[in-house]
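Before any comments, here is the structure.
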Amino acid sequence: MTSFFRDEKGNSERLSYYLKSHSQSGQSWGSTPGLLAPPLPCTLCPPRPRSLWNLLLLLWTFLNCGLGGNAQGPGEWTPWGSWSRCSSSCGRGLSVRSRRCIRFPREELCWGDTHEYRLCQQPDCPPGAMPFRDLQCALYNGHPVLGTQKTYQWVPFYGAPNHCDLNCLAVGHDFYHSFGRVLDGTPCSPGAQDLCVAGRCLSAGCDGLLGSDAREDRCGRCGGANDSCLFVQRVFRDAGAFAGYWNVTLIPEGARHIRAAHRSRNHLALMGGDGRYVLNGNWAVSPAGTYEAAGTRVVYTRATGPEETLRAAGPTSQDLLLQVLLQEPNPGIEFEFWLPRERYGPFQAQAQVLGWSPRQPQPREVEPQPLESPTVIPPRTPIPTPEPCPPCPDTRGRAHRLLHYCGSDFVFRARVLGRVRQAQETRYEVRVQLIYKNRSPLRALEYVWAPSRCPCPPLALHRDYLLAARRLISPDGTQDRLLLPHAGYARLWSPAEDSRVRLAARHCPL
């Protein structure tokens, strides 16, 4: 996002770019606890005190004037202004709103953004309308450039590294020229959903804000915590008395993040609410590909080996029936989906009709189990119960935070998407949302490894954390990992933690 601030040494404004971050929560004015009014500048004389409140305010002002003041921390934001009109008269554009940072000479700049951008949708552009980037290049047609009097006709060029520069190709020539940044609201590339803002290509979160990290949870709620739906997961193991179609499960209306998989020569079949097969019906095997069903796209894949998968994002607009065409003994069909809470009761009743007893949905922290093979013989000896994890040591305090921030290779904010426990370590799959420190590039999705089956501190699924990790490369160079040390720095993200880690950055060079 673009941020403007006023220089303390003059009246000119400087333009800087900041990545999208959460705004700092409101703080009290000045450095005196309990003072609710903003401090008056030392050059102003307060009015004659007419009450105890004015007397206290007068005393505080004189102390600050006489001692030079010791204001610390960032300034205060004004409320957001109203959204501007859409930047485009047709198609997709953006709106902007702004706020100002009010601070005193000894205070820092406010933490956050001075501008916010959101998508706006206008009526579709008429056929034959010139795209926005083409129009910007055409503005230079017939004008001398490159220090000569020669003129050219220009069209967009998309082969340059930065898609948010106005790179235009000279028609009939083999060179292009960059005329600076494109205007805000220009699509990053033809047909792309991302838009250029201040020279950077930004995508919109589910809240419509460009550069926002807000994402839908598994229930389809923007910024939710997966608490408005239930996770249904089961393995269908019925062997079947004859070859043919067998019901596996009903996929109710409103289901999301549907997945079914198995490893055998059998075939998954999907039937719509009207009784017609979507794929693999009537004893015919459908080709792998994408199919439309119940208002969603169903991706059907079949590997070279005996493995089939079926995935759909949802939500489904009507019930679907998942079946299996048995040709050999069933080794197990694993299926899962997310279902709104209000639909789970009717689903239980309908599931009983299909021939298998329902069970309560698993909590979200269900780790996927491997598909069973029919040749596996269950052990006859009882499996020992793992010992409970001991309590983690206390790792709070400023010294601990500084130690791990300075000694780490990466400090970033991430959301935990998955967790797999192995014999001597735990692997977390995380989505990187905001980077405070990195000594090498980070991807959007990373694995973070923690030693031991009982890592300290433990990370909960679908929560946001501030993590300090180290880079660990194996001696033979075959493994390059992000390691979360035992008793390392992992805190639930909050505006307060964001403030603390930014303060720690001052004491540790990147």
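Note: Cβ is positioned from N, Cα and C throughout, glycine not excepted.
Small disclaimer: the values here were computed from a predicted structure and weren't measured.
Annotated disulfide bond per TrEMBL: Cys86-Cys120 (among others), in sequence order.
According to TrEMBL, the disulfide bond annotation covers Cys90-Cys125 (among others). In the structure as shown, the Cβ atom of Cys125 (disulfide bond) sits within 10 Å of 15 other Cβ atoms.
Residues or ranges marked as disulfide bond in TrEMBL: Cys101-Cys110 (among others). Within 10 Å of the Cβ of Cys110 (disulfide bond) there are 23 other Cβ atoms, across all protein chains.
What TrEMBL lists as region 'Disordered' is 358-387.
Feature annotation from TrEMBL assigns compositional bias 'Pro residues' to 376-387.
Residues or ranges marked as domain 'NTR' in TrEMBL: 389-508.
Cys110 (disulfide bond) and Cys86 (disulfide bond) have their C-alpha atoms 27 Å apart, to the nearest angstrom. Cα of Cys125 (disulfide bond) to Cα of Cys86 (disulfide bond): a distance of 14 Å. The two recorded residues Cys101 (disulfide bond) and Cys90 (disulfide bond) have their Cα atoms spaced 34 Å from each other. Assigned with DSSP, the residues of the domain 'NTR' (389-508) fall into helix, strand and coil as follows: 21 helix, 50 strand, 49 coil. Between Cys120 (disulfide bond) and Cys90 (disulfide bond), the C-alpha separation comes to 10 Å.
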